[in-house]
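**Q** Can you read through this structure? Questions will come right after.
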Amino acid sequence: MSDLKCPFSGHTGAVTASAHTGNRQWWPIQIDLGLLHQHHPASNPLGDTFDYPAAFAGLDLEALKADLAALMTDSQDWWPADWGHYGGLFIRMAWHSAGTYRGADGRGGAGHGNQRFAPLNSWPDNTNLDKARRLLWPLKRKYGNAISWADLIILSGNVALESMGFRTFGFAGGRTDIWQPEEDVFWGKETEWLSDERHTTEGALDQPLAAVEMGLVYVNPEGPHGHPDPVASGPDVRDTFARMGMTMEETVALVAGGHTFGKCHGAAPVSQLEAEPEGAELHQQGLGWHNRFESGKGEHTITSGIEGAWKPHPTRWDQGYFEMMFTYEWELTKSPAGAWQWVAKDVKPEHMIPDAHVPGRASAPIMTTADLSLRHDPLMEPVARRFHQDQDAFADAFARAWFKLTHRDLGPRALYLGADVPEEIQIWQDPVPALDHPLIGAVEIKALKQKLLATGCSVGALVATAWGAASTFRGSDRRGGANGGRIRFQPQNTWEVNDPEQLRSVLQTLETVQQQFNAEATGGQRVSMADLIVLAGSAAVEQAAAAGGHSVTVPFLPGRMDASADQTDTASFNLLKPIADGFRNWQRSGLPLRAEECLVDRAQQLGLSAPEMTVLLAGLRVLGANNGGNRQGVLTDRVGVLSNDFCVNLLDMSIRWSPTSEAMEGYIGRDAQGSERWTASRADLVFGSNSQLRAIVEVYAQDDGASRFVSDFVQAWVKVMNLDRFDVR
């Protein structure tokens, strides 16, 4: 008798991870358009009408913080608290939730509670944080939808710090939960935990990664590749934190501040641990790392494999971390789990640390190799010495750095919720001035459109400028966008993708229009450059549609304000610099990525669906918005007219495409007589090659598709122009 099989999946009773052969296994180089459709509203049990800011407004935040403070010392038998206080555990949970953020692509971080899902919930560096979340469950149950998991995780870290005597900088709610794993985040190409295939032969870490090994949030605490060398660990620590957007001072403050509390756990070899949560047996109900050693908890806990605490009072804010670091010499040893660590030599009795669970037992302070890099690294050591000598400076630096760490990916201050939001504005928040003048209305908008279209700027130039401003937006950390008008400043006005010469000319023209309007306007009305850039692009779209026989009005929402150069962190904004923009048919030379992959990544950051990506690219091509005026993918003889020509001509079966080089980055399309008709990039031809994208293109290329194309383009255009308008949501 044959094995029984599931009629839907074809699985037999013995299910393995590879039991089903999907399309990606058959065709591994196929682009993954599923990235554009993850987190569908149907996956959200709260529905797409749930208003989290409104729910949070009804939260009794002070009552929740009081309950969290009580939880800190409410030790549970199933997972006893170290020294009767869960503070260290909750700080680690919050830290590791936020610490996955990386500035290169804005992904990771605490913004959506992704620590609840694979792969993060099963990373080796997150061992036993599943217990921390289970400890929070009674409070999540009590307060329900008024607090998201994402907010609760970070708030618990804040309350943990405060309950042990530290004064935090503040807290903002506003993080919304996701309900499935994030598929768009590249965590590395390794296939084994704690392995490293992410460094070049010169030792440089691949972009956009920040952690040094698969399954780590930061660095290997035992040292680079497990070698206990504090000097060699220093560059790893500095680079990893810098890739999160942290300065040297913030790096030292975070390491020292975080390790002021709690302890490491390595009572026995990690081989005593069973599978992580995602691999745990069904009856373990999502709890991973079942510990077979003795009681499996308390004094027998195994987490990182390192064993011990850093300072004599692990549940109190003080200078103990630096005092231990600079008072003692350190001896290399191994923990009971076999992990490299350092133990203080000749410890004074008053510096012996009481055991977290066994009365009468004490041990010497420990440091990890990464900790000692603060003492031995020539760049971090002076900062650590200064903090050792100035407790107030250390406390202030840690408070600010902790707030930055836990709020970096929350987005602009307009998204901050709650009574604990600090008033002080930080430059890393990409501040935009508050609206301080009456807005232009329909009459003024109409008049401005006429003036903008009469300037002599081409449709393509106006569209490209607006697109360049708005398309910097990243949904991952909600940075970028047109608001603030920062395309006027460095670094954006020098990026190759923005055609600096054309951009300079367009901006000068728009500034003239702005100055004239603001000087002549009555009633105090003014228009910002940020608004004018978007309005000019939208007016150009209307004119292009009219030229094709379609009368449309592109919705425009005024209210953007202009930031100043002083409000713009040049180095931080340079992280938004695209490596490719398929919508403008530009890609950095020498990039080892396929143009179509970069296009999908950019579309995902813009929150676009596959149809929206398709109609935007096709429309931008015919509008003439390509970088540098290049003709790749401009499959029309009517440049500047909003039409479905790109779609129609891409599907023309009389055209034969062939690559221009072995690299297969550029293509020539020839007609039946062999004459060159078109040129294209990979970002163009993927819309005819990929079956899903081709199906979408067919809809727009149909005889009845022209009006739909224009309508859908306008809708997608407005969506991108308003991605950062959190001030009106």
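Here the Cβ of each residue, glycine as well, is placed from N, Cα and C on the backbone.
The annotation active site, proton acceptor is assigned in Swiss-Prot to HIS96. The heme b binding site annotation in Swiss-Prot covers HIS259 and rests on sequence analysis. If you look up Swiss-Prot, you'll see ARG92 marked as site 'Transition state stabilizer'.
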**Q** Neighbour count, 10 Å Cβ-Cβ cut-off, for the residue listed as 'active site, proton acceptor': what number do you get?
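**A** There are 22 such Cβ atoms around the residue listed as 'active site, proton acceptor'.
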**Q** Whole-number answer please: how many Å between the C-alpha atoms of HIS259 (heme b binding site) and HIS96 (active site, proton acceptor)?
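**A** Given the Cα positions, HIS259 (heme b binding site) is 13 Å from HIS96 (active site, proton acceptor).
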**Q** Just to confirm: which same-chain residues, 6+ apart in sequence, have a Cβ under 8 Å from the Cβ of ARG92 (site 'Transition state stabilizer')?
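**A** Expected: LEU129, ALA132, GLY258, GLY262.
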**Q** Check HIS259 (heme b binding site) against DSSP and tell me helix, strand or coil, would you?
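**A** DSSP call for HIS259 (heme b binding site): coil, neither helix nor strand.
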**Q** Look up ARG92 (site 'Transition state stabilizer') in the DSSP assignment and reduce it to helix, strand or coil.
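**A** In the DSSP reduction, ARG92 (site 'Transition state stabilizer') maps to helix.
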**Q** Give me the count of other Cβ atoms within 10 A of the Cβ belonging to HIS259 (heme b binding site).
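**A** Neighbour count, Cβ to Cβ under the 10 Å cut-off: 24.
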